[in-house]
Every structure is written in C-alpha cells, then in structure tokens.
Amino acid sequence: MADRPETPSTSGPEAKAEAPHVPVLLRPLLAAVAPVTGTWIDGTFGAGGYARGLLEAGADRVIGIDQDPLALQMAESWAPAWGDRLQIVQENFANMDAVAETHAPEGLAGIVLDLGVSSMQLDLAERGFSFLRDGPLDMRMSQSGPSAADLVNEMEEGPLADTLYLYGEERASRRIARAIVRAREEEPITTTLRLAELIERTLPRTKPGQSHAATRSFQALRIAVNDEYGALAEGLMAAERALPPGGALAVVTFHSIEDRMVKRFFQLRTGHSGNVNRYAPVQEAEAAAFTQKTKKGIGPDDDELAVNPRSRSARLRVGFRTSAPAEDVDRAAMGMPGAAKPGGKGGRRR
Ligand SMILES: C[S@@+](CC[C@H](N)C(=O)[O-])C[C@H]1O[C@@H](n2cnc3c(N)ncnc32)[C@H](O)[C@@H]1O
C-alpha cells in the first residue's frame, strides 16, 4: 500500500510548499471522458488542478467541492477569473447529489474525484498531517470535529490498534497502540513530531529506501479522523444518484484500499455482483448502473512518472452511468475496512 507519499525534499520543505501543485493522471482522465462538455462536479477541488483542466478541455461549468475551507480561500486569487463557469462549495462529497440539485439543475455531464490529502494540506505544518513537520496533531480536512490528538489520547488501546491495522495496514499496530497508551499516561500526545518519534522508537529501524516508520500510522489516523472510507462509500453512491444516463464518474485513488473500494463498486454496479467478498451477502443481480470501457485501473505513463514520481501509486477508474435506477451498495461488499460483515462484527478478529 502506498499513500500520497511524503518525501523529505532535498531543497527543504519551504521550497516544496512553493512548488506548483501537479495534478495527477489529469491527461488520461480527460482522454477517458472526452469530449468534455456540459457541467461537471470536481468533488475534491484542492488546488483546482482538475477543475481548471476540465474548463480548459471544454466543460461549460465546473462545480468544485472541497470540505477544507482552505481550498476555497486559496482559490479566491484565481477562481473569479472564470466567472460563472466555476463555482466552489465547501461540502463533503458524500453529499454531492444535494450539491448537484442546488447548483447544477441543468444536469451533470460528469463527476471527478481525486482522493486523499493535497500537497497543500501536507505542506502546512499547522494542519498536522505531516510526520516530518512539527505541528498540532490535527489532520482535520474540514477543520471541524474530533482531531487526531483526540483519537490518540482518548481511544482505548484495542480500538486504536484496530484503527492502525485496518486503515493503515500497520502490522505493528498493537505494539504502537500500547506505546501510545503508555506515553499518554505521562503526558497527552499533542504534536505530530512527538507521535512520529514515539512510533520510530517503537518500530525496528526502517531500512534505507523504506518509508518512514510513522507513514502507515499517520495515514490510518488521517483516514479515521476524516472518515475517508465512509465518505468514499457514500460519495460513490451519491455520484450514482446524481449522474444522468451517459454521465461519467472518474475516480483517482492513491492507495490499495481505496482502489479496491472503487474497483468493487464498479464491479457491483456494472452487474458483476457475484463473489467479490466472501463475507458479503449474495446480492441479486441488479440492472447495471454503470458501463466501463476498461475494467483495468489506469496508471501514470512514463512521461508522467518522469516529471512526477509521486504519481506512481495513482490509479484511475472510470464508469459511465446507464439509465438503471440508483441503488445503495453494501459497504462490506465494497471492501470497506471494518464495515460490518453480515452476522458478525466489523473489524478484525482479535
Ligand atoms: C488530492 S487533493 C485534490 C487535488 C486536486 N485534484 C487538484 O488538482 O488540485 C484532495 C482534496 O480533496 C479534499 N477532500 C478529501 N475528502 C473529501 C471529502 N470527503 N469531501 C470533500 N472534499 C474532500 C481534500 O480536502 C483535498 O483538498
């Protein structure tokens, strides 16, 4: 598994913060949904790279959605130049069908999602996403609700270990959870570097070339704080409700669990509902809500890898809406970690 990688920059974090945001897989995405016309939702607006790409490719209008107020603030300097063609809404993309109803009554041509954290968020120490920069242990994209510090200082050891394991695939989750509980008994853990150093001390030394010891735990906490898998499951279903026949849904993921959820969603909703999860109830074959030109995930080509090695783990999956009615999809069948299995409890066996 790999997440949007956090690499110490050789020229210092300040230089990285000033580096232009490079939208990942934008070219293959635009090619996959061409011709681009009509109204689009960019459900993960971030620095606006996808929204601008869609507008430049011929979209009449783009409704950008981001739950982070910072994304809207950052766009204030350039978005007005697009006039009525670009509107930005602070919202969770789980609610994008309601956003579409209000802001795009003319109907949508497509929806794009580029999941995860933005480099803008990672680079700002005060947002608490980075294990390389000291800041408050925050990690809240929406800047509201419980923070990572709340989770780390308040969760019981067992559920904390489960979170690290299920959301970060951290095999040393129990050891790390135990170390966290011991450390917080002495003093609450409130900063990113205190947590990162604690994890580094708990895990055997990582070899050169391996990711930082805290990578998986930080990813797990970020996913839990922002309920990223819950939002993804809800967002995919909201997209199915919002799109008219022919509408495109293009999703870019950055790690294997997200990609598995998107892949299974499309498998289930293109009529391949059998046997994707042995715990899932056997679902009646429903009329396909999406078609796909290719079931394979699309990755970066050599040119993109050469200019943006960070794109290495990115995968794009695209589907086109049919006229079949929208249906809810079982979260466990979608492969959502920790989703309740029928007849059993969610989470791993202890
Ligand atoms: C990887 S960045 C997107 C970058 C964007 N494609 C660009 O080119 O600038 C992901 C963005 O999605 C936002 N985000 C993540 N989950 C979200 C959700 N459930 N609802 C709304 N925004 C979300 C984050 O705040 C972040 O700004």
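The backbone N, Cα and C atoms fix where each Cβ goes, glycine too.
Here is what TrEMBL records for this protein:
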BINDING   Gly48, Gly49, Tyr50, Asp66, Phe93, Asp114, Gln121  S-adenosyl-L-methionine binding site
COMPBIAS  341-350  compositional bias 'Gly residues'
REGION    295-350  region 'Disordered'
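Taking the Cβ of Gln121 (S-adenosyl-L-methionine binding site) as centre and 10 Å as the limit, one finds 21 other Cβ atoms among all the protein chains shown. Look at Asp66 (S-adenosyl-L-methionine binding site): DSSP puts it in a strand.
In sequence order, Gly43, Thr44, Ile65, Gln67, Leu113, Ala231, Gly235, Ala238 make up the list of same-chain residues 6 or more apart from Phe93 (S-adenosyl-L-methionine binding site) whose Cβ falls under 8 Å from its Cβ. According to its DSSP assignment, Asp114 (S-adenosyl-L-methionine binding site) is in a strand. Taking the binding-site residues Gly48, Gly49 in turn, the residue surrounded by the fewest other Cβ atoms inside 10 Å of its Cβ turns out to be Gly49. Sequence-distant neighbours of Asp114 (S-adenosyl-L-methionine binding site) (same chain, six or more apart, CB under 8 Å from its CB) are Pro23, Val24, Leu25, Thr44, Gly46, Tyr50, Val252, listed in sequence order. For the region 'Disordered' (295-350), residue counts in helix, strand and coil come to 11 helix, 8 strand, 37 coil, using DSSP. Cβ neighbours within 10 Å of Asp66 (S-adenosyl-L-methionine binding site), excluding its own Cβ and spanning all shown chains: 27. The number of other Cβ atoms within 10 Å of the Cβ belonging to Tyr50 (S-adenosyl-L-methionine binding site), over all protein chains shown, comes to 27. Of all residue pairs in Gly48, Gly49, Tyr50, Asp66, Phe93, Asp114, Gln121, the annotated binders of S-adenosyl-L-methionine, the farthest apart have Cα atoms separated by 18 Å.
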